[in-house]
Amino acid sequence: MRRKIVAGNWKMNYDLSETESFLSSFKEQVRPEDVEVMIAPAFTNLNHAFKSLRDHDVKVVAQNMHQCESGAYTGEISAKMLLSVGVKSVILGHSERREYFNETNKTLAEKVETALKHEMAIIFCVGEEEDKRDNGTYFDFVKKQLSEGLFHISKEDWKSVIVAYEPIWAIGTGKTASPEQVQEMHEFIRNTIQNDFSEGVAEGVPILYGGSVKPDNAKEIFSKEDVDGGLIGGASLEVESFMKIINAFK
Ligand SMILES: O=C(CO)COP(=O)(O)O
């Protein structure tokens, strides 16, 4: 059985006191048993979240990191810095990073390399814009993102990788991909991994869906064969809705 995962990506939301208040109520309720739970707060709150959650089996994840070890990169954060505050996992290739911060497949391939070198786990995001969905080129587009950004890793490295499919047209729009569209893409991603690596690798990789997952649609999306959980934006910012999504696996 593959791992089941629900991860909250808080993006640029919540300062320290808001993070503290979310976590104090969240900790009372969350009991990760069959499902792994992760939260990706802002860089400034990673250490607080790590300390607060370490006895609760909730992983704290960074939303990004730089590919270089250190140096003159004003405003950036390195793998070593993340590790030093207890963070061993990172989201790479989120569509907002690709769009607003010019992250290319090539940069992402370097970030993947750096994360693996530091034995960090990676949530690697892929997903197409609406025009690619409309003109039918979405499979090719996602395949290119995978092959150029991620597929240089070794078979062994896949143990540290989670893939997240987040169609850009469904992020923050309230326009969720249908469970059938999600399943179709997840199956395609798994087959692509199988073709380039092996069936064993493909069968073991958790593939999460992200894009307007809410308490009322989570169960149906998660019930699909190749969907192993979700990467949740807006609905992870409220304890009640995030808990309902986590519990959608039960
Ligand atoms: O981008 C996302 C998670 O990384 C999805 O965001 P929403 O759940 O707000 O659509």
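Cβ atoms here come from the backbone N, Cα and C positions, even for glycine.
TrEMBL has this to say about the protein:
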- ASN9, TRP10, LYS11, GLY172, SER212, GLY233, GLY234: substrate binding site (BINDING)
- HIS94: active site, electrophile (ACT_SITE)
- GLU166: active site, proton acceptor (ACT_SITE)
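Structural mapping of features recorded in TrEMBL.
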residue: ASN9; record: substrate binding site; Cβ neighbours (10 Å): 26
residue: TRP10; record: substrate binding site; Cβ neighbours (10 Å): 22
residue: LYS11; record: substrate binding site; Cβ neighbours (10 Å): 18
residue: HIS94; record: active site, electrophile; Cβ neighbours (10 Å): 27
residue: GLU166; record: active site, proton acceptor; Cβ neighbours (10 Å): 26
residue: GLY172; record: substrate binding site; Cβ neighbours (10 Å): 12
residue: SER212; record: substrate binding site; Cβ neighbours (10 Å): 21
residue: GLY233; record: substrate binding site; Cβ neighbours (10 Å): 21
residue: GLY234; record: substrate binding site; Cβ neighbours (10 Å): 18
Substrate site shell beyond ASN9, TRP10, LYS11, GLY172, SER212, GLY233, GLY234, criterion: Cβ within 8 Å of Cβ centroid: ILE171, GLY210, ILE232, ALA235, SER236, LEU237
Contacting binding-site residues for ligand 1, chosen from TRP10, SER212, GLY233 when the Cβ sits under 6 angstroms of any of its atoms: SER212, GLY233
Helix, strand or coil at ASN9 (substrate binding site) [DSSP, three-state]: strand
Helix, strand or coil at SER212 (substrate binding site) [DSSP, three-state]: coil
